[in-house]
Amino acid sequence: MGLLAFLKTQFVLHLLVGFVFVVSGLVINFVQLCTLALWPVSKQLYRRLNCRLAYSLWSQLVMLLEWWSCTECTLFTDQATVERFGKEHAVIILNHNFEIDFLCGWTMCERFGVLGSSKVLAKKELLYVPLIGWTWYFLEIVFCKRKWEEDRDTVVEGLRRLSDYPEYMWFLLYCEGTRFTETKHRVSMEVAAAKGLPVLKYHLLPRTKGFTTAVKCLRGTVAAVYDVTLNFRGNKNPSLLGILYGKKYEADMCVRRFPLEDIPLDEKEAAQWLHKLYQEKDALQEIYNQKGMFPGEQFKPARRPWTLLNFLSWATILLSPLFSFVLGVFASGSPLLILTFLGFVGAASFGVRRLIGVTEIEKGSSYGNQEFKKKE
């Protein structure tokens, strides 16, 4: 193990990275709160500013993937599709099998200039997660309780509000509704069999309401649906903790573009289209498991320096006063002050670990274990 690889495994460095992310996030959230005064004056200016503020926070996580762990991402698609990236509004459909699938999506958003304006249909619980949920609130992210009777009006209103968004946005949908686990897959396939739908090997049964509603509400705004099927070489199952420890992964993403006009207007037909899409995604995963790669041309978009420069800027601003403060605490010789500081460090470490826990599969929601048995 080289010196750099050794340093990446050290708890103290993890604490410093976490400190920069949390404190910069709180600063960004405060500035976002102040920008609310702009909404009545210029809604579009408010949106543009918040896209850049969100970028300053999200890009720190992307930096960990691209520069800290040096994880590589390869696209399997065609040249015509690549040329449209970042130049149109799009709905993204991504499989939800991995703890860092969102991070791989974000790194592609960053490389094509839409990270700050990226959107997602997110579960309501995430709204209350510090930094993440707060930042999303100011970005007009659409939240749902995953109970369609209660969500319908909220989701429709949130989607329609995005129809005049001033920056190109990629709107992410996890159509499976929850992250893949063996238990959820078994329950999901029982439902598929009961409904006469083809059994999926690598995905859960897609929940169609969110997709058909998004397509309906964003028609005229969104130009296409990008179907993204993600997997990792070497049968790896990466985690955010692994990224933090500097582990390098190799992500492969098969991207297919479907013009929105090719998706049926009728809700039932659109739902059937989505089910067919997931059968195709399942077939793509089977090909990957057999051949170790997806079909199509390979593209490796170059990582950009902005994520690293953004993090280094925040680190320079925040760590200098932190080091001065720590030196002052220990120089004081006060046992009470030192113990108080160490207690704060422990609490901060616990808080950062809880944030990471949001991404972990074993700590994910139980949604899907029984929900598939209910009528969608």
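Each Cβ is built from the backbone N, Cα and C atoms, and glycine gets one as well.
Annotation comment: Swiss-Prot describes 1-124, 340-376 as topological domain 'Cytoplasmic', evidence class a curator's inference. Annotated motif 'HXXXXD motif' per Swiss-Prot: 96-101, in sequence order. If you look up Swiss-Prot, you'll see 125-145, 317-339 marked as transmembrane segment. Annotated topological domain 'Lumenal' per Swiss-Prot: 146-316, in sequence order.
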For the topological domain 'Cytoplasmic' (1-124), what's the mean pLDDT in this predicted model?
95
State the non-local partners of the transmembrane segment (317-339) in its own chain: residues 6+ outside its ends, Cβ under 8 Å from one of its Cβ atoms.
16, 19-20, 23-24
Can you break down the motif 'HXXXXD motif' (96-101) into helix, strand and coil residue counts using DSSP?
1 helix, 0 strand, 5 coil
